[in-house]
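Student: Quick one: the structure is below, questions incoming.
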Ligand code: ADP
Ligand code: MG
């Protein structure tokens with residue numbers, strides 16, 4: 001029983017246990033049921049929410065679609081509008097372009113027309129320029145013909161030619177040069193009386209050294225043709241005598257002396273092919289207080305020991321150096337040496353006033369082997385001392401003596417010229433060293449040219465008047481009884497060469513012995529024209 005009881009108890013306990021488990025399961029079921037219900041409710045709720053959401057979404061989608069359609073159509077409309085606008089703008093641009101094109105075409109046409117017109121003008125201008133050139137050429141030719149004829153007349157008359165050179169000044173000038181190139185007008189200091197002068201040439205202050213040389217180069221070259229040529233530079237101190245004769249440096253400012261020597265050396269080289277062989281010698285002397293000094297001998301002083309000798313038509317100063325010249329360089333070196341040796345002293349007029357005359361002498365001997373002709377020419381280039389009167393230059397003591405000597409030789413030169421002008425039987429060449437030295441050039445068969453240099457300043461007007469009067473007197477002088485200049489050529493046989501051909505018309509003049517050869521002296525009475 002007990003066992004049964006026990007079994008019962010166990011069963012009861014088991015039942016209780018089961019019942020408890022069932023109660024638990026039921027409770028669990030109930031809670032699960034509740035959960036299911038909650039979930040169902042929730043689902044239901046969320047479904048309805050979803051449904052609403054879906055509905056609203058669908059509505060929204062529909063709305064969006066509508067909107068899209070609307071936007072699309074709007075876009076299309078806009079696109080259409082845009083393309084329309086663009087077209088319109090394009091048209092406007094086109095129009096503007098067309099307008100510009102039209103304008104440009106017009107401009108191009110205009111430019112073409114102008115170009116054509118200017119081309120026509122250019123052609124006209126060219127034609128006129130050519131005509132002007134032609135006329136200028138003719139005028140130049142006429143002028144050079146006139147000059148050549150004038151020179152010929154002067155030579156026929158045997159006149160001493162005079163060129164006037166007016167130096168530049170910064171002040172108001174008292175001298176006015178006429179455009180004809182041969183006359184000038186001087187206003188005197190008191191302003192009352194004007195004086196007009198005419199010379200063979202008047203060089204105004206703008207004239208350059210090369211223009212001056214251009215005018216005298218033919219004359220210089222005559223020395224090569226057998227003439228005795230003399231060029232003077234006259235004027236008061238500071239008027240440009242040395243500037244004209246010697247100039248400065250080795251370039252454009254070179255004066256007549258260095259240019260002449262170079263020209264003669266070059267010309268002699270050119271003549272060599274015609275069969276002429278030249279030898280040249282130069283001396284350079286200074287005459288100061290009637291004494292001669294050799295400028296080519298360094299350290300030499302003025303002395304009486306040098307005497308002037310005229311021998312066989314050639315003038316020499318005894319005891320002075322004669323240097324052989326064979327090139328332009330050797331000649332230039334000689335000129336430089338001589339100009340450094342010059343006596344230069346100060347006076348009130350010009351700190352570098354030269355109180356002496358300098359004479360550059362070039363002796364030229366030309367030999368023509370095949371014809372046996374010999375020709376002797378000489379070139380004297382003279383830079384005279386200042387022509388001013390003593391009172392004005394303020395010279396005193398020793399310098400007064402110098403000024404007197406200078407004036408003496410200048411007045412002797414004037415006397416020689418007036419005796420020649422008056423065709424006096426006696427010409428006082430021997431009154432001064434200067435005139436005696438230059439006698440062969442002045443005395444008949446030479447060619448003489450004088451440069452009268454003037455300072456155009458009002459303060460110098462009186463001196464200028466004196467210079468111009470002196471020059472006018474010189475201009476009237478006839479050399480060699482109007483026979484004109486004579487060439488000095490001797491020949492031993494009858495002429496065959498071209499040089500001798502010019503001499504056909506020449507008549508015998510004098511006999512000359514030279515070494516073992518006896519030559520027949522012939523000289524031309526014709527004026528030279530080349
Ligand atoms: P002169 O020999 O007559 O006393 P210069 O030839 O020595 O005179 O001239 C005096 C100064 O004037 C020099 O310095 C010179 O260079 C200058 N001179 C003279 N003539 C001219 C000219 N035509 N052009 C430029 N300078 C000149
Ligand atoms: Mg001088």
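Cβ coordinates come from backbone N, Cα and C, glycine included.
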Student: Which range, 433-481, 482-530, does TrEMBL list as region 'Disordered'?
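Tutor: It is 482-530 that TrEMBL annotates as region 'Disordered'.
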Student: Suppose we screen the binding-site residues 238, 240, 241 by Cβ distance to ligand 2 with a cut-off under 6 Å; which survive, in sequence order?
Tutor: 241
Student: Counting only residues 6+ apart in the same chain, whose Cβ is under 8 Å from the Cβ of residue 239 (ATP binding site)?
Tutor: 167, 453, 454, 455, 460, 467
